[in-house]
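Let me begin by presenting the structure, written as structure tokens, before commenting on it.
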């Protein structure tokens with residue numbers, strides 16, 4: 001471990017604006033899952049996902065704060081700035097998802113049949129879940145790249161968009177496995193291949209950035225990422241055209257939701273979710289491409 005040439009403990013890790021945001025994240029996260037465990041309760045896949053989000057984000061935030069407070073991050077084989085920026089964005093997305101899911105499935109106005117005490121605990125947990133999201137969003141806002149600032153790739157808009165793209169792809173995959181009937185046509189299988197390819201490459205880009213291994217590549221990383229982003233835009237354009245046609249055109253699928261389709265187990269619902277988030281990811285890749293071109297242009301001034 002290299003000597004920092006300063007004090008052994010880094011007080012800025014807990015006194016700076018980012019450090020205060022992380023302290024609030026730990027406080028809100030611990031409070032949220034403590035309320036749920038103590039009395040609020042959770043069940044099924046949705047509740048388990050929310051508990052995983054809160055405990056996972058709490059554990060990683062404690063790890064980051066401890067490493068920065070003790071300077072231990074200097075002995076890790078990570079690009080620390082890329083790692084913290086990527087995690088802050090991922091935690092923001094995960095926490096806002098949990099903040100929406102938990103009250104949607106577990107909070108109710110009346111006391112029957114769970115009881116008023118359980119209802120109150122669930123409401124309180126939902127409030128702190130919302131505060132947790134705001135705390136992570138504040139860190140993203142504080143650490144994002146400023147104009148003219150030399151910073152980590154994952155702190156730039158392009159880097160942050162990579163996290164969002166991968167997160168949206170996970171939502172698409174969740175809908176795909178929920179009886180979406182994507183294997184019915186070769187065309188829809190092509191769309192799945194598009195989603196999978198772009199997800200894998202995006203994760204690889206994030207992994208190389210976080211591990212700080214981009215300098216070891218035999219090709220220019222930034223240019224290659226821009227070229228890949230352009231290819232991803234073209235691939236998502238094809239999926240954005242093909243998927244709705246083969247799912248909602250009367251020749252291949254159903255323009256309207258079947259009346260006898262059970263709620264929560266309807267392929268049409270999954271197909272609609274996939275179509276919506278296909279367009280969301282297409283927009284994200286277009287924004288990513290536009291921003292990467294802007295950065296290249298400005299860097300030559």
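The backbone N, Cα and C atoms fix where each Cβ goes, and this holds for glycine too.
Copied from TrEMBL, the annotated features are:
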type     : residues : note
DOMAIN   : 13-148   : domain 'MARVEL'
TRANSMEM : 44-66    : transmembrane segment
TRANSMEM : 78-101   : transmembrane segment
TRANSMEM : 121-142  : transmembrane segment
DOMAIN   : 153-297  : domain 'MARVEL'
TRANSMEM : 154-177  : transmembrane segment
TRANSMEM : 192-218  : transmembrane segment
TRANSMEM : 225-246  : transmembrane segment
TRANSMEM : 272-291  : transmembrane segment
TODO: Determine whether the transmembrane segment (272-291) and the transmembrane segment (121-142) share at least three Cβ pairs under 8 Å, counting only pairs 6 or more apart in sequence.
DONE: no
Task: Intrachain residues whose Cβ lies under 8 Å of the transmembrane segment (44-66), provided they are six or more past its termini - done: 13-14, 19, 22-23, 25-26, 29-30, 32-33, 36-37, 72-73, 84, 87, 91, 94-95, 97-98, 101-102, 105-106, 129, 132, 136
Open item on the list: Please list the DSSP helix, strand and coil residue counts for the domain 'MARVEL' (153-297).
Closed with: 115 helix, 0 strand, 30 coil
Task: Intrachain neighbours beyond the transmembrane segment (78-101), with Cβ under 8 angstroms and 6 or more residues off its ends - done: 25, 46, 49-50, 53-54, 56-57, 60-61, 64, 67, 126, 129-130, 132-133, 136-137, 139-140, 143-144, 151-155, 159-160, 163-164, 167, 206, 209-212
Task: Secondary structure composition of the domain 'MARVEL' (13-148) [DSSP: H/G/I, E/B, coil] - done: 113 helix, 0 strand, 23 coil
Open item on the list: Averaging the per-residue pLDDT over the domain 'MARVEL' (13-148), what integer do you get?
Closed with: 94
